[in-house]
Structures are given as C-alpha cells and as structure tokens.
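Chemist: Here it is, the structure in full.
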Amino acid sequence: MSGHSGNDDPKAPLLAVVVHPPPNSDEPGPAGPATCQSLISCLLTPNSFYILLGPLLCAMICLLVKLQPGDGGGSSSSSAAATSRNMLAVLAWMFAWWLTEAVPMPITSMAPLFLFPLFGIAAADDVASSYMDDVIALVLGSFILALAVEHYNIHRRLALNITLLFCGDPLNPPLLLLGICATTAFISMWMHNVAAAVMMMPVATGILQRLPESGPGQSPAVSKFCRAVVLGVIYSAAVGGMSTLTGTGVNLILVGMWKSYFPEADPISFSTWLFFGVPLALVIFLFLWAILCLLYCPKGSGPILSAYLDKAHLKRELTLLGPMAFAEKMVLTVFGMLIALWMTRSITDDIPGWGVLFNDRAGDGTVSVMMATLLFIIPSNKNKGEKLMDWSKCKKLPWNIVLLLGAGFAIADGVRTSGLAEILTKSLDFLEQAPYWAIAPLVSLIGAFITEFTSNNATTTLLVPLLIQIAKTMHVHPLLLMIPGAIGAQFAFLLPTGTPSNIVGFTTGHIEIKDMIKVGIPLKITGIVALSVLMPTLGKLQNA
C-alpha cells in the first residue's frame, strides 16, 4: 500500500508493483532443485496423506469389495449392488476426512453434492434438497434468535439475576455452583450448547475474577471452586442441550434422519422430545452438581470464599447493565412466543395443538424462521429506522453446523435409496435374538467413546443409520436404539477436543485434563445408566 496509498490516478494499479532484484548466479532459479525440494517437502506431510486416504479407501472399496445383490437377481440387482458398493465407498471417503479433519469439516460436509452424482447414487437436485428442509430451517431461525440475545446482552442479565438468587448470605458455595450450572443448562435448552457455553463462561469467569489469582499462595478452596465453576459451565451446557431439539445439533440430526428414513411415521416434535429429554437431563444434571460439590466444594470453603465473593459483586455487575431497554424486552418477547409455539404445535392426540389449523403443514422450522423474521421488522427504538436485527449482525451464523446437518440428511437418504441399508440389515441377523437391555447400553457406550475423538455431530451421522438397520433386525422400535446412540454421542466429557464447549472451558486456564477425566468418567457412566433405564420405560411410553 505504501507505493500507491495517496495516488488518485484512476489508471494506477490497486496493489503496488514490487520489482524483485535478479537472483544471484549461485542461487537456484524458480525451477531449481531447492524449489523442487521445497515442493516435495510440502507434499510429504501427514495432512497430505490424510487427504489422499479418503479417495484411496474409496477406490479400494470400489475395486475389492463385492456386495451380494438383492433377491431379485438379474442385471437390475447387480446394478443395485454396485450402487450400494459405491455408497459404502463414498461413506469411507467422507468419514476418513471427518475423522482426520484433513479437509475442513464444512467442505467435507459438501462432498455429497459432487460425490453422489458422480458415483451414480443420487441426482444433483435430490442431494441438494437435503441441505435445506424444516430441521435446517429450525436451526437457522434459532441461531438468529441466539445472536439477538447475545447482541443485546440478555444472556448476561439473565445469568446475573438467576445467580443472585442462589448466592446465599453468607455465601454457600454449593448453592452458588448450583445457580451457575442451572443457569447454563437453562440457556442451553433454547440455543446451541456451544453458544450457551460461550455466553456463560464470561459471566462465570467474571465472578471468579473477584477471587485471588492462582499461584503458590492461593487457597486450595479457591482453586477447587474455580475448577468446579468452569467444569460446571461446560458440562451443564452439554447436559442442558440434551433436553430440547434446539439445544444441540445432534438432536436435530436425529430428528432429520428419523424424518428421512420414516417419512410416514409421526415426526419428533419439540414437545415430544421435551417429554423424554428433560427427565434424562435432570438426572444427569443433579449427578453432575453432586459430584462437583463432592470433589471441589469441601466443608469450610464458604467462609474462605466469602472474603472475596458476595452478593454485592453480582449486584454491581447487574447495575452496570442498566435498566432493560425496549429492544431487550422485544427480543425476550419474541423468544418467549417461539418457545410457546414450539411446545403447542402438537400436544397430544386429544389436544392436537395449533398445527391442525394448517393441516399439519407447518413445522418447528416454520415457526423458528417466522419468529426470526420478526426481529428484522420490529424497530429497536434506538435509532431512526433501526430494527432489532439486521443482516450484518448475522455474520456469525454457524454455517458449518448447517452444512454438517445437510450432509447427515444426504447420507441418510443415500444409504436408504442405494440399497446399502438392506444389505446391512442382512448382515445383522445375529442380533435378532439379542435382548434390548444388553444392546442399548452398548450402543450408548460406542457413541460415547467415538465422540471423544471426533465431533458429536459427525459421530451421530456415522452411527445412527447403522442403528436403524440393527433395530429393524431386532424388530424393536428404531428410536429405542437411535436415541441412545445419538445422546451417547453427546457424552464428550473426557478430552478438551471432544467438543468446542470443552475447549471454551479449557482455555480459561482453571482446569486441566485430569480434572475433566476425574469428573467426566463418572458423568459418562451415569449418562449411560440413565439412558439404559429411561429408554425401556419412559422411551417406550412415549413411542407407544
């Protein structure tokens, strides 16, 4: 910029022209051996190997794997077997890139758009339609509302008000910890768990800033309480997200696959999931709070913490926010209307809900986008012509999650239409005699193990189509296996890389991996046990 920053000549180049001096005679030229050596070193990297691993696995399956054709025989059966083999090869390609992250996950998520048509699995228009349906509309609308809540600092005001109720006088550390965790879990019920963790972590660390900094002279009680708060926020965000459809992308992937595989069945509505998800999340949440109090809130810590942390600090933080403005009230009103419409669209068979007024053509995504649209219409009452939201505030929309959801739906359609689902069903005949009480915990454990090494969304996308076929073979309701697998994929409690929420907490410097393992292992076991108990009881009642 230094060469032309002040030049007004319209013919002047936008970028400065840099003239390089001629290379010395003893230096290699552009095509010299040093450049070639540098190029080879750039290509021979682990990431380059991981990039090639996907197409290599795909080619090996296409060349070496031979799937048995269907019962019909003839050329049509052979063609169907070839399509099923191609689908298996594409799955290997995509999962290799997902697991290694050789290519950014959003780009891998778009791979079906070119792989499915090229391998003869589905037409381009059919694949593209998987990337925008009612579930994805539900995600987009919810994220826009979440951005509005974040923009107007409503999350901070809500967190401080609720935490004030639990602070106690004198300070009661377990009660304050319960307030912080419960606030996080409640926020996570209505928006993505990662967004809830990102919103609540500044509130939590702001409370902890009143405590003395870590060091040799720091009291063990102070250090333990700091760890409890950070662990409580990241795990409460994950647990709260399990209770509603919008709390995490995994639940949305599950709903989308259910709709894709079983279009004639009743869809999983917001209220239906709430009936099962809230009791499950409540059991896991109470255990989380109990184990955090047991490990990190010893007796006698209250008087020590009271010297640094009391209600006065929280009240000062709340006073700095000032009175609630018109814009904040309107965003809260829209959010409340959205939750009410979600919960009343389809209630029971006897009380059908408002959805019948539109012949059940309106879905949860319809309501989500409609309420989000209101934010761009209602004035903010700040500046003339300014609305509650404008598109510039939506730049942080997580399109990577939207694309991953679309990939999950495309894979679900591909596995079904290619015939791969039927072939997998035949290979699982041995599970027909297995008791459900033994399969459900195993399914949850598999999902909980895989999710520590890859994203919970990718784990669900990989696991749920297979579980559908296992359920068909066992002659049980598919949701009795799909739900344990999907929720088990959300038990990423052991490693910082298990989910972005864990990274949010780990970067605060208050916790270490050993803290996550110490709390995560019993929490993971509790979640699996709770799932195994609730699915044959409450789950069957809901799916009856």
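The backbone N, Cα and C atoms fix where each Cβ goes, glycine too.
The feature compositional bias 'Basic and acidic residues' is assigned by TrEMBL to 1-11. The region 'Disordered' annotation in TrEMBL covers 1-32. Taken from TrEMBL, the feature transmembrane segment applies to 49-67, 79-99, 105-123, 135-155, 175-208, 229-253, 273-297, 318-342, 362-378, 399-416, 436-455, 476-496 (among others).
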Chemist: What stretch in 79-99, 105-123, 273-297, 362-378, 476-496 has the biggest tally of Cβ pairs under 8 Å against the transmembrane segment (399-416)?
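Modeler: It is 105-123 that shares the most Cβ pairs under 8 Å with the transmembrane segment (399-416).
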Chemist: As a test: from 135-155, 229-253, 273-297, 476-496, pick the stretch that has the greatest number of Cβ pairs under 8 Å with the transmembrane segment (436-455).
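Modeler: Comparing 135-155, 229-253, 273-297, 476-496 against the transmembrane segment (436-455), the winner is 476-496.
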Chemist: Cβ under 8 Å to the transmembrane segment (229-253), counting only same-chain residues 6 or more beyond its ends: which ones?
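Modeler: Same-chain residues near the transmembrane segment (229-253) but 6 or more away: 135-136, 138-139, 142, 177, 180-182, 184-194, 196-197, 200-201, 204-205, 207-208, 268, 270, 273-274, 277-278, 280-282, 284-285, 288-289, 292, 296, 364, 368, 401, 404-405, 408-409, 456-457, 460-461, 464, 486-487, 489-493, 499, 501-502, 504-505, 508, 510-511, 515-516, 519-520, 523.
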Chemist: How about the transmembrane segment (362-378) and the transmembrane segment (105-123): at least 3 CB pairs under 8 Å, pairs 6 or more apart in sequence, or not?
Modeler: no
Chemist: Can you work out which residues elsewhere in the same chain, 6+ from the ends of the transmembrane segment (135-155), have a Cβ less than 8 Å from its Cβ atoms?
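Modeler: Here the qualifying positions are 187, 190-192, 195, 199-200, 203, 245-246, 249, 252, 255-256, 259, 321, 325, 327-328, 331-332, 334-335, 338, 363-372, 375, 388-389, 393-394, 396-398, 401-402, 405-406, 409.
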Chemist: Excluding the flanking five residues on each side, which residues at least 6 beyond the ends of the transmembrane segment (318-342) place their CB within less than 8 Å of a CB in that stretch?
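Modeler: Residues 141, 145, 148-149, 152-154, 156-157, 160-161, 164, 190, 270-271, 354, 364, 367-368, 371, 374-375, 378, 380-382, 388 contact the transmembrane segment (318-342) from elsewhere in the chain.
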Chemist: If we skip the immediate neighbours and take only residues 6+ beyond the ends of the transmembrane segment (273-297), which ones have a Cβ under 8 Å from one of its Cβ atoms?
Modeler: 173-174, 177-178, 181-182, 185, 224-225, 227-228, 231-232, 235-236, 239-240, 242-245, 247, 251, 255, 343, 483, 487, 518-519, 522-523, 526-527, 530-531, 534, 538-539, 542
